[in-house]
Structures are given as C-alpha cells and as structure tokens.
Protein chains: 4
Amino acid sequence: MSGNGFGHTFRFTTFGESHGPAIGCVIDGVPPLLKLSEADIQPWLDQRKPGQNRFTTQRQEADQVRILSGVFEGVTTGTSIGLLIENTDQRSKDYGDIKDTYRPGHADWVYEQKYGIRDYRGGGRSSARETAMRVAVGAVARVLLNTLAPGIVIRGAMVQMGPHCIDPGRWDWDSRAANPFWCPDAETVPVWETFLDGVRKAGSSAGGIVEVTASGVPVGLGAPVYDKLDADLAKAMMSINAVKGVEIGAGFLAAQLSGEDNADEMRMGADGKVHFLSNNAGGILGGISTGQDIVLRLAVKPTSSILTPKKSVDRHGAEIEVITKGRHDPCVAIRAVPVAEAMMAVTIADHLLRQRGQCAAS
Amino acid sequence: MSGNGFGHTFRFTTFGESHGPAIGCVIDGVPPLLKLSEADIQPWLDQRKPGQNRFTTQRQEADQVRILSGVFEGVTTGTSIGLLIENTDQRSKDYGDIKDTYRPGHADWVYEQKYGIRDYRGGGRSSARETAMRVAVGAVARVLLNTLAPGIVIRGAMVQMGPHCIDPGRWDWDSRAANPFWCPDAETVPVWETFLDGVRKAGSSAGGIVEVTASGVPVGLGAPVYDKLDADLAKAMMSINAVKGVEIGAGFLAAQLSGEDNADEMRMGADGKVHFLSNNAGGILGGISTGQDIVLRLAVKPTSSILTPKKSVDRHGAEIEVITKGRHDPCVAIRAVPVAEAMMAVTIADHLLRQRGQCAAS
Amino acid sequence: MSGNGFGHTFRFTTFGESHGPAIGCVIDGVPPLLKLSEADIQPWLDQRKPGQNRFTTQRQEADQVRILSGVFEGVTTGTSIGLLIENTDQRSKDYGDIKDTYRPGHADWVYEQKYGIRDYRGGGRSSARETAMRVAVGAVARVLLNTLAPGIVIRGAMVQMGPHCIDPGRWDWDSRAANPFWCPDAETVPVWETFLDGVRKAGSSAGGIVEVTASGVPVGLGAPVYDKLDADLAKAMMSINAVKGVEIGAGFLAAQLSGEDNADEMRMGADGKVHFLSNNAGGILGGISTGQDIVLRLAVKPTSSILTPKKSVDRHGAEIEVITKGRHDPCVAIRAVPVAEAMMAVTIADHLLRQRGQCAAS
Amino acid sequence: MSGNGFGHTFRFTTFGESHGPAIGCVIDGVPPLLKLSEADIQPWLDQRKPGQNRFTTQRQEADQVRILSGVFEGVTTGTSIGLLIENTDQRSKDYGDIKDTYRPGHADWVYEQKYGIRDYRGGGRSSARETAMRVAVGAVARVLLNTLAPGIVIRGAMVQMGPHCIDPGRWDWDSRAANPFWCPDAETVPVWETFLDGVRKAGSSAGGIVEVTASGVPVGLGAPVYDKLDADLAKAMMSINAVKGVEIGAGFLAAQLSGEDNADEMRMGADGKVHFLSNNAGGILGGISTGQDIVLRLAVKPTSSILTPKKSVDRHGAEIEVITKGRHDPCVAIRAVPVAEAMMAVTIADHLLRQRGQCAAS
C-alpha cells in the first residue's frame with residue numbers, strides 16, 4: 001500500500017487531489033448502532049472551511065459531505081462507510097505557470113523525483129485539501145467516542161504565531177469562538193491580527209504552534225511497545241501538512257528537568273481514585289493513557305507559497321526565481337487546528353477499539 | 001495485534017521482559033543474498049550495552065545475540081530471521097520491594113490498570129531492556145542499506161544534557177568515540193561529566209536531547225499521505241522509552257520563521273543535480289526524502305528512578321513515598337542514542353523496500 | 001478494520017450496499033505512470049453487468065464507473081485511486097416484505113445477530129452488488145499486469161452447471177463469447193440452456209463450478225509461509241459470495257493419486273529453460289508460482305433466492321415459510337466468472353508488487 | 001513483510017528452518033490473565049511429533065517448547081509471547097546429495113528461482129517442520145478460546161486415504177485415539193494399514209482428505225466482505241504444506257444441488273433459539289459463523305519424496321532422475337490433521353478478538 005490510510009481497528013483510507021473532481025474516503029471498522037448522519041460531520045467541515053476571513057485562503061469550497069454507505073435508517077451498520085466531497089472551486093489555471101517549476105519548500109520536486117509525474121494543480125495529492133477528509137473522519141470518530149466512551153473532550157488552540165506566544169495564564173477555551181485564530185487568549189488576538197496583516201500584505205507567511213488536548217480519556221489506551229498511544233499520536237500529527245515537530249506533556253522542556261521535578265506524583269483522591277499532582281507526562285506513561293488530559297503540541301512551518309522571489313530550478317534544469325501566486329493561507333497553522341483535533345480523535349478511537357479487542361479474561 | 005511490531009515491508013516483532021529468560025524478535029521481509037552474521041550485529045549491541053562506565057546502569061549483560069534462522073552459508077535466504085539474546089544478569093530480588101508500589105513516572109500503574117497484571121520485575125515489558133532488540137534489528141537494517149543503497153550513514157549524538165547544550169559550531173562526529181556521552185563537542189564533555197556526577201551522587205537524574213542524522217539517503221523515500229517518512233520517523237522515535245518530543249529539521253523553531261527564511265532554495269550543482277541551499281526541511285518535503293541529510297531531534301525525559309522520596313500510592317490504595325533503588329541510568333538519554341540510530345535505520349530500510357515495491361512502470 | 005479490504009502492496013477497500021446511493025472503493029498502491037482511464041475498466045463491468053439475458057437477474061444497472069483521483073493526464077500518479085459507481089436501479093420496495101423475515105441460506109439472520117442491525121434492502125452489504133467493484137479493481141490490476149509483466153492472460157470459464165459438466169477435451173476459450181454461460185465447450189451450451197430454463201421456470205436455482213487460469217505468470221510470485229500464492233488465492237476466491245470450495249491444480253483429486261502420478265516432472269526445454277511435463281500442482285509449488293498456468297476451480301452454491309417455500313423464522317421468533325421474489329439469478333455461478341477472474345488479477349498484481357519490494361541484492 | 005505471519009488481532013509470526021538451530025515464533029495480541037504454561041502446549045506437540053509409528057517419518061524430535069515471554073506467575077500479561085523449540089535431530093548430511101538437484105513436486109526449484117538461494121537441508125523453510133510452531137500457537141489459541149468462549153471443541157480426522165474413504169455413518173470421534181491415522185471409523189483402520197504398508201514398502205506415497213470441525217463457535221464471528229470467516233479459514237488451510245483444496249460444508253457437492261436442497265431451513269428450538277435443520281453451509285453464512293458446527297475439508301497431495309526415479313533437472317541444467325531418500329512420511333495427510341486443527345483454532349481466536357473490538361454500542 002502506498003500510505004493513504006491510517007489506523008488499525010478504526011481505519012480510514014483517503015483519496016483525492018486538490019483539483020480533481022472529488023475527495024473521499026472509506027472508513028472501515030466503525031461499530032454498528034452509532035447514530036450518524038451528515039449533520040454530525042458537516043459542522044466540523046464548516047469550521048475548517050477556507051475563505052471565511054482574510055486570514056485564510058480565499059478559495060471557496062462548499063465542502064458538502066455525503067455519506068454513501070454504512071449507515072441505514074440513521075445508524076451505522078458495522079460495514080464500511082464511504083464519504084465524498086465534490087471539489088467545486090478548482091481554478092486549475094491559477095497553477096498553469098507552476099507546471100514546469102518547482103516551488104521551494106513544496107513537494108513539487110520530490111513528487112516528480114519519486115513518481116516520475118506530478119499533478120501540479122494546486123499541489124495535487126500533497127495539497128492540504130486532503131485534510132478536509134481528515135476532519136470528516138474525525139467527526140465520525142467523535143461520534144464513536146461520544147457513544148462508547150462518553151465524556152471525552154478534544155480541543156485545539158493556537159498558542160504561538162510567528163514569534164508571538166499567548167499567555168497560558170489567560171487561557172480560556174471559550175474565547176476561541178470570538179476570533180479567527182483558535183486563540184484561547186483574548187488579549188493576544190489583536191497582537192496576532194496586526195502581525196498577520198503585516199505578513200499578508202508583505203506577501204509573506206508565518207508559522208505557529210498548535211496545542212491539542214483530550215480530556216476524559218479512559219485509563220489504559222495504547223499498545224506498547226511500538227504502537228504506544230504517544231507514538232501513534234506523533235505519527236498522526238507529523239503526517240499533517242507542514243508539521244515539523246510534535247511534543248507530549250513537558251515535551252522538549254523535559255530534557256532540562258531533574259527527575260524530581262519531572263515525576264508526576266500520585267495521591268488518592270477523595271473519590272477513591274488515583275490522582276496525579278502534575279502532568280508533565282501529558283497524560284501518557286509507558287505509551288498508555290493515564291486518564292489525565294492528553295496534551296500535545298505541534299510546530300507548523302510557514303507555508304512556502306509567498307510572493308518574495310526565491311531561488312529554484314525548473315523541469316529543464318534551468319535556475320529560476322519563483323513566486324507563488326494563487327490563493328494561500330498566510331499562516332497555515334490556523335487551519336491545522338481542526339485537523340489536529342481530528343487526528344487526535346481518530347487515534348483515540350482506534351486505540352479504544354483496539355483495547356476492546358484485547359480486553360482481559362474475567 | 002498488541003503493538004509489538006514495527007514496519008511494513010521490513011517488519012520486525014519483538015518479545016521479552018527485563019527479567020524473563022530471554023528477549024528476541026522475528027524480522028520478516030529481509031531480501032535474500034545479503035551477507036549477514038552475528039558479527040554484523042554484536043558490535044552495535046556492545047555499544048549500547050550497560051555497565052560500561054559510571055554513567056550508565058551497572059547491570060551486566062553479555063547481550064550475546066544468536067541468529068536462529070533466515071541465514072544460510074553466510075547470506076540471508078529471504079525467509080524470516082529469528083534473533084535471540086538470553087538474559088543473564090536479572091536480579092529480580094532487587095525489585096521485590098516495588099511489587100506492591102507504583103513508581104511515579106513509570107508505567108507500573110498504567111500497566112496494571114490496562115492489563116490487570118504486571119510483571120513488576122524491572123519494569124517487565126516496559127523496561128528499556130527491550131531496546132537491545134531494536135539495536136540488533138537496526139544492525140540488520142544497516143546491512144540491508146549498505147547493500148541496497150550504499151553510502152547511507154546514520155549517526156546520532158547527544159546535543160543537550162539537562163540544561164547544558166553543545167556548541168554546534170564545534171561539532172565533530174569523530175569526537176564521540178572519546179567520551180561516554182556520544183558527545184560531538186569535545187569541549188562540552190567535561191561540563192557534562194561534572195554535571196552528571198553531581199546528578200548521580202544526588203540520586204537524581206537528568207534529561208537530554210539527541211540528534212540523529214542520516215546522510216546519503218536516496219531521493220524519493222516516504223509514502224504520502226499518512227506514511228510520510230517523517231511521520232513514520234516520529235512514531236519510531238516516540239516509541240522509544242522516555243522520549244517526549246520529536247522534531248525534524250528546523251522543528252519547533254520553524255514556527256518562528258518567515259516563509260522567506262524557512263524555504264530551502266534550490267540550485268543546479270556542478271554535478272548537474274539539484275542542490276539545496278539550506279536544510280530547514282530536515283531532508284524531507286511532503287513526507288518524501290529530498291536527498292539532503294535527514295536531521296531529527298528527540299527529547300528524552302529524566303528517568304523517574306531516583307533516590308529522592310516521591311509521593312505515590314500502592315496497590316492497596318495507601319498513600320506512600322517511593323524511592324527507587326536498583327541499577328539505573330542517571331541520564332537515559334545517553335543510551336537512547338544507539339537506539340534512535342537503530343530506529344532511523346529500520347524506518348529507512350522499510351521505506352526503501354516499500355519504494356521498490358511501488359516503483360514506476362518504465 | 002472490519003474486513004472490507006484486500007491485498008497488501010496493491011490494496012483496495014470497498015464500500016457500498018445493494019440499495020444505497022453508490023458503491024465505490026479506494027485502491028492504494030498502484031505504481032505511477034500506468035496508462036489508465038475509465039475505458040480500461042468499463043468493458044469488464046459491462047461483461048459482468050446483470051440484465052443482459054434471461055439467465056441473469058433482470059436488475060438494470062448502468063454500472064458507469066468514474067475515476068475520481070490518482071490519474072492525471074491519462075496516467076496514474078502513484079497516489080490512491082478512488083472509483084465510484086452510482087446505483088441507479090434500486091427497487092427497495094421489492095424487499096420491504098423481507099424486512100422482518102430471514103431468508104434461509106442468506107446472510108440476513110447472521111448479520112442481524114452480529115451487528116444488531118441489517119440493511120435488508122437487497123441484502124445490503126452482503127449483496128453480490130459489491131462484486132461490481134471487484135471487477136472494476138480487477139480491471140485496474142490487469143492494466144498493472146499488462147504494463148509490469150506483459151503476457152499474463154487471465155481467463156475464467158464455467159465447467160459445470162448443476163450436474164452437467166463440460167467435456168474438457170472440447171475446451172475452446174473462444175467459444176465463451178458465443179454463449180451467456182462463459183462456457184468453453186460449445187456442445188454443452190444447449191444442455192445448459194435447457195437445464196437452466198427448467199430451473200428458472202421452476203423458480204429454483206442451480207450451482208456450478210468455475211475454473212480460472214492465469215497464463216504467463218512469472219516464476220517466483222508468492223510469499224511463504226502464510227501468504228503463499230495459493231493461500232491468498234484461496235482466500236480471494238472464498239470471499240466471493242456463494243463460493244463453498246476452492247482447489248488448485250489436481251485439487252481434491254490429488255488425494256487419490258500416488259506420489260509417482262502426482263509429481264510434475266521437469267525437463268530442459270529447447271529454449272534452455274526448465275519445463276514441466278504435467279501440471280498437477282496448478283502452477284504453484286511451496287506457495288510460489290512455477291511459471292506454468294495457474295489453474296484453480298471454485299464451487300458456487302445455488303442461490304437461496306427461490307420461489308419454493310422454505311422453512312424459516314422471523315424477527316419475532318415466529319416460524320414462517322419464505323419464498324424470495326425479486327430479480328434473481330437462477331445460477332449465480334455464471335456471474336461469478338468475471339469476479340473470479342478479477343480476484344485472480346488483483347491477487348497476482350499484489351504479489352507482483354510484493355516480490356518487487358523483496359527482490360534480491362545483486 | 002515476506003509472509004511469515006498470520007492473523008490480525010491474534011497474530012503470530014514464525015521463523016526457523018528444518019535443519020537450523022531452532023524454530024520459534026512471536027504471538028502478539030493474546031489478552032492478559034489467561035492461565036498458560038508449557039504444559040498447555042506440549043501435549044499437542046507430542047501428538048503431532050514424528051517418529052511415533054511406522055507410518056510417519058522416523059525423524060526423532062523432542063519438540064520441547066519453551067515460553068520465553070508474556071507469561072508471569074502462570075498467567076499471560078498481555079504482552080507478546082515468544083515460543084522456542086530447539087531442533088535436535090537434524091541430519092543435514094542426509095540432504096547433501098540434493099544440494100544440486102531439484103526434487104520434482106518440491107519447492108526446491110521455485111525457492112531458488114525466487115530467492116537466488118535455498119537452504120537445501122530438509123527443505124529449509126519450506127519444510128513441514130514449520131508446522132510444529134503452528135501446533136504450538138494453536139495450543140495457545142485453544143487456551144484463549146477455552147477462557148473467552150468456553151465450549152468450543154475443535155477436532156480433525158482423516159476421512160480418505162488414497163482412494164479409500166471412511167464410512168461417515170460409522171463416525172466415532174473417540175475411535176481416533178486407537179489408531180495412528182486420526183481415523184474416526186474403526187472399521188476403515190485395517191484397510192488403511194494394509195494400503196499404507198504397501199505404499200511404504202513400494203517407496204511410494206499417498207494423499208488424503210482431512211475434515212476439521214469446530215463445535216460451539218459463537219454466532220457472529222467473521223468480518224465481511226474480504227475477511228469472511230470461511231475466506232480466512234481457506235487461506236489458513238491452503239497455507240499448510242501439500243494442501244491443494246479446501247471446501248466448507250457441502251463444498252464442491254453444492255454445485256450439483258438445487259437451491260431447495262441446499263438451503264438450510266430454520267426453526268425455533270425448544271430453547272427459544274434459532275435452529276437449523278441441515279448444515280450445507282458448514283456453519284458459515286455470508287462469511288459469518290451461524291453457531292452450527294463449522295465443517296471443512298482439505299485435500300492433501302501425496303508427498304513427492306518417493307523412491308521411484310522421477311525426471312528432473314539439476315542446478316547446472318542437466319537432465320537427471322531423482323529419488324528422494326531420507327526420513328519421510330508415506331502419507332503426509334496424517335500429520336496434517338493436528339496442523340489443520342491448530343489453524344482452525346488460531347483463525348477462530350483471531351476473529352473472536354476482532355469481533356470484541358468491533359462490538360456494538362450500548
């Protein structure tokens with residue numbers, strides 16, 4: 001297989017290019033009897049949808065999802081679920097001028113080296129267009145989790161844009177709804193607005209750091225040794241376009257801590273359950289969920305689609321300078337937030353089903 | 001499957017606990033006609049072996065590997081390769097006193113929650129003992145790479161211990177051999193020695209950051225969209241005990257760069273081939289190797305096996321304080337270096353074979 | 001995963017129910033640069049299409065396939081291929097009366113036991129409607145084989161209908177085109193016509209035996225020990241609706257032969273290559289293709305959709321008698337022929353790519 | 001991967017050659033808390049063991065199995081289980097004379113074609129020696145089934161040797177113990193004895209047909225569409241050395257039946273459960289277990305290791321005549337019985353765990 005799928009027991013495989021007729025996927029492994037309809041998926045797609053404000057690409061996609069199978073009279077049947085989204089706003093002519101050129105920082109050149117051909121229209125298969133399907137599958141995973149393990153809440157936020165960090169002390173999940181950045185710190189919003197307006201007007205781009213958390217995850221998910229929950233999450237996140245780093249809990253900072261400071265101590269709670277006094281582990285120990293919040297961060301690079309000329313080469317081996325016109329995001333990290341949430345949801349859903357398949361003799 | 005294997009076309013599955021009779025693995029997918037013997041594997045195990053200086057655990061393991069199958073008259077036959085290492089220095093009695101206690105920061109508690117049982121002797125399956133088998137498989141992967149894609153060099157180094165970083169300007173791969181830290185900067189060695197002696201004497205522990213590079217990797221390895229080379233590397237590294245973060249190329253720093261600064265420009269080399277003028281991508285674009293050095297870093301937390309009492313609970317729900325005696329590494333990041341090298345080797349080997357299986361019509 | 005996919009390196013996953021809006025699939029692992037268009041697929045679908053004569057179900061499906069991705073400017077790009085066929089002639093009302101009844105010999109009852117729900121319209125996911133997608137994927141596999149291993153010819157024929165066998169001595173592949181039964185023996189055609197007309201008029205059904213051969217398969221395909229080529233073919237064939245038996249080469253007859261009579265002797269051909277003097281092995285030894293014709297047969301049971309009342313139960317536990325109206329095939333073995341051909345093609349394509357991924361060091 | 005593993009959720013991978021130092025495997029996916037020791041495995045190995053009477057090869061193997069991991073204080077821990085059997089009676093010199101010759105009907109020639117090398121000692125990896133490990137894994141699967149789905153009984157018998165069939169009317173499972181053929185019909189035993197003595201003295205060999213049944217299997221196992229329970233069983237059985245055909249229930253005979261005669265009617269039993277009035281389906285409908293006995297048969301060819309000279313070629317392209325000395329079974333079907341039982345057990349165990357991982361909401 002050439003790598004277009006993810007997951008084991010909850011497994012999905014996607015297809016579709018940026019400027020082809022449609023994108024879609026098959027989800028295999030959804031248990032039966034879950035209530036599911038397009039209305040469970042569409043709102044998440046609408047959130048991710050481009051063109052909603054001046055800080056994301058102006059491409060206009062309806063992103064209307066259709067469930068083609070696996071649901072009967074409003075509930076899942078246990079058979080494979082086909083999802084389809086027609087592409088409606090492909091302007092392939094925008095990309096005709098990059099047919100023969102390789103954009104620096106894009107996958108153009110390596111795709112051609114690997115495959116001997118590339119669909120140059122909008123990045124083809126390497127386009128972030130594919131992430132719409134991740135969000136759709138993520139919505140199905142949320143339905144699964146809500147039914148089989150109620151109480152799990154998966155949320156993402158942007159915590160750094162370019163050099164500008166939020167103040168974690170002002171974190172308020174609800175404030176995300178009031179700004180176009182998934183920013184959980186209202187006071188940082190105007191800073192980012194000013195910064196990103198400048199980036200956009202300069203034809204440049206900015207990177208960012210996204211944090212995703214999952215609360216209410218049951219203890220015991222994760223399959224050591226190689227399919228540790230954090231290992232699978234790292235793969236899930238690193239597979240998102242433009243992501244260059246992933247960390248769990250204390251992450252890279254843990255390298256500087258002493259064993260005393262890093263260890264999360266345990267105490268018995270008033271509820272008779274084990275509680276942890278800190279969460280440097282990010283909710284995962286030995287690859288297995290502890291029941292604490294799973295906390296991870298991903299670093300997103302600035303897109304290379306910029307208006308400043310950059311040195312490159314063309315298909316004929318000539319040295320050229322490239323600028324990338326078209327409709328691009330000045331900060332792709334913004335739209336990575338719902339995608340990262342979706343990948344968190346599918347990874348947890350997969351491990352939830354895996355755990356059920358391995359449960360103990362009683 | 002419960003997660004004890006890694007890879008697709010080059011796939012291995014390991015078994016064994018810290019204090020069981022033996023650890024071992026099966027490697028499935030090694031092509032035939034590779035010259036292979038125990039002598040290709042043993043030196044890498046000897047490098048990783050504990051007890052070689054005061055900065056690693058004093059457990060003494062011969063770590064003698066035996067090839068049980070898949071090799072005939074000195075070459076691989078294309079059939080599955082069984083590897084076995086007998087455990088010889090298990091002192092299980094060292095661990096009797098943690099039978100009923102959960103060490104903070106260890107997998108003790110979650111294993112018992114997940115499985116309803118745990119092999120408490122030395123961490124059982126969650127022990128870093130398992131990584132010996134990763135190193136052995138990594139050695140086989142190196143043989144494969146040396147034969148099928150000669151010129152690949154995979155090397156790791158520690159670049160930060162606790163708060164002390166190396167100076168990248170003084171990087172010298174050869175200097176690693178002269179110190180017990182895989183340190184590529186000779187001037188940093190005494191700093192780390194002093195620091196780690198202090199940590200060790202205090203019964204504490206330190207974290208670290210490891211960098212692994214692969215030079216000479218062919219262009220075109222990696223299987224978008226989900227099995228991107230960097231996604232699989234992220235999983236490979238995050239699956240190593242105590243790793244809390246992974247980054248590729250510019251990594252988390254990329255979040256702060258502008259699109260102009262981050263893009264790796266391309267030019268035609270005197271050799272008629274495309275060359276990159278920088279390597280913020282870390283050798284991977286769109287999930288596919290570019291032919292540049294693959295560069296990744298992993299953050300290793302300090303082990304929780306320390307002599308300072310930490311709050312915990314026991315199997316009976318009593319609140320206790322735990323100190324962890326036994327033979328432990330003051331800085332487990334040191335021994336993570338050869339393990340990370342091995343995981344780099346197996347991931348590249350897997351994708352090399354995958355690429356061969358997908359190669360173009362001609 | 002819940003089992004809706006097949007293959008490893010060439011892997012496809014299907015979705016869709018008999019009476020849903022569409023059926024489709026994703027094929028992952030097709031190498032780049034193969035010439036491919038709908039015109040390569042449609043003729044095979046047309047062959048399988050129902051309603052073409054009085055011996056198959058009168059359901060009328062256009063079965064127009066669309067390629068939604070993975071092909072650019074007429075050639076494959078190495079990315080996943082999405083295929084879609086809209087269902088156009090669903091008459092769900094035909095099935096309203098079986099909503100609460102379990103047809104004997106059908107999957108109705110076990111689906112409801114397994115999933116707690118079933119899409120009763122036309123059998124839902126258990127319907128042979130799904131096999132249209134197998135035929136479409138088989139057509140893609142044929143393109144792959146024609147390009148990467150030219151000279152492979154895969155053909156199927158029906159060799160027994162009910163109690164009536166063909167005479168192998170009269171075998172003529174070309175004669176298949178002149179009858180609706182894929183019958184390779186022109187003299188048997190009128191026998192089957194008379195027989196099946198009687199079966200049809202009686203509201204009964206008949207079984208059959210299908211033989212599929214693959215000529216020109218390269219030596220060396222197949223992955224012992226468990227993924228033997230014949231083991232994978234057996235799975236492929238047994239996964240087809242209504243198949244109850246599979247045999248390779250001499251098959252069940254081999255049980256009666258002596259070692260002397262069964263062994264296929266070898267001699268050097270005038271072309272300097274090894275030739276076999278017989279083919280009891282059916283082209284596979286030790287799970288690996290020998291270069292001889294691969295020959296297998298599958299037994300197809302008579303469909304249980306008949307007009308004779310049969311004892312059954314309903315959803316409420318009442319004992320009932322069931323007859324199955326609707327548009328059914330009197331002999332489903334007929335339409336199994338192109339499906340079996342397709343599964344032969346995909347299995348060989350998968351092993352061809354697997355073999356390329358495991359090829360020897362040179 | 002090169003095909004040395006079987007199963008999904010209960011998955012094992014084997015290694016080892018006929019004349020290497022050892023054979024072994026890793027089982028991944030066994031749930032925790034099952035009571036397991038070598039004493040659960042050894043009796044099944046002893047049953048299969050060669051050299052116990054004049055009708056099987058005179059090779060003497062102790063076949064002592066060791067559990068190397070995954071079991072602690074007598075119960076499984078949920079981690080991977082390593083099994084090892086040392087080879088003790090390899091007489092490689094017996095095979096020196098076939099180093100350069102290809103035995104007709106054996107895998108010698110295709111292995112060399114595929115891999116460019118073969119371990120000629122006793123067939124190397126293609127030897128039935130590997131089946132000892134299948135029997136060992138089958139024993140673990142039985143423990144799993146006995147605990148998680150008590151009441152399943154898996155039994156095999158030989159029902160035809162060469163041309164001599166048993167009388168099904170005299171079937172008595174208990175009578176198997178009193179003869180060396182797994183024959184369930186005491187009156188047939190002397191017929192087979194006489195027949196096989198003749199075969200053996202003539203230096204010839206005979207084939208046979210084996211029937212395996214599983215009683216007490218829960219309703220609902222099997223994962224349509226491609227991983228149907230019967231499809232996976234067909235693969236499991238066809239992967240056994242020398243098997244040339246597999247059929248379920250009525251099998252090839254079903255092709256001759258009418259729809260009326262083939263359909264298994266249903267009635268409500270006195271116990272309030274659905275009962276079937278016949279079992280032409282062999283316990284599987286639509287790929288899903290019905291709760292009836294699963295019944296399958298496999299055809300085993302006569303071994304090609306015979307004393308009659310047969311035409312062949314050698315490595316240098318010379319035409320030769322080959323006789324195969326050594327210690328061989330005159331009827332390998334006998335020893336296929338426990339192997340087929342084992343493969344039935346592992347396939348059902350895998351699907352039992354898969355079903356648990358897909359179970360319904362609520």
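Cβ atoms here come from the backbone N, Cα and C positions, even for glycine.
In TrEMBL, annotation is done automatically, which means it is predicted and not curated.
The shown structure was predicted, so the numbers you read here are calculated from the model rather than taken from an experiment.
Over all protein chains present, the Cβ of D:Arg54 (NADP(+) binding site) has 12 other Cβ atoms lying within 10 Å. Annotation source TrEMBL lists NADP(+) binding site at D:Arg48, D:Arg54.
Sequence annotations record features per position, and here TrEMBL assigns FMN binding site to D:Arg125, D:Ser126, D:Ser127, D:Asn241, D:Ala242, D:Gly286, D:Lys301, D:Pro302, D:Thr303, D:Ser304, D:Ser305, D:Arg327. Using a 10 Å radius centred on the Cβ of D:Thr303 (FMN binding site) and all shown protein chains, the other Cβ atoms total 27.
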What subset of the binding-site residues D:Arg48, D:Arg54, D:Arg125, D:Ala242, D:Lys301 has a Cβ positioned less than 8 Å from a Cβ of chain B?
D:Arg125
Go through the binding-site residues D:Arg48, D:Arg125, D:Ser127, D:Lys301, D:Thr303 one by one and keep only those whose Cβ is less than 8 Å from a Cβ of chain C; report them in sequence order, or 'none'.
D:Arg125, D:Lys301, D:Thr303
If you count other Cβ atoms within 10 Å of each one's Cβ, which of the binding-site residues D:Ser127, D:Ser305 has the most?
D:Ser305
Under 8 Å Cβ-Cβ from D:Ala242 (FMN binding site), six or more apart in the same chain: what's there?
D:Ala128, D:Val300, D:Lys301, D:Thr303, D:Val332, D:Ala333, D:Ala336
Which of the three DSSP states, helix, strand or coil, fits D:Ala242 (FMN binding site)?
coil
Find, among the binding-site residues listed as D:Arg48, D:Lys301, the one whose Cβ has the highest number of other Cβ atoms within 10 Å in the structure shown.
D:Lys301
Using C-alpha atoms, which one of the binding-site residues D:Arg125, D:Ser127, D:Ser305 comes nearest to D:Arg48 (NADP(+) binding site)?
D:Ser127
With an 8 Å cut-off on Cβ-Cβ distance and a minimum sequence separation of at least 6, pull the same-chain contacts of D:Arg125 (FMN binding site), or say none.
D:Gly16, D:Glu17, D:Ser18, D:Tyr111, D:Asp119
DSSP state at D:Arg125 (FMN binding site), helix/strand/coil:
helix
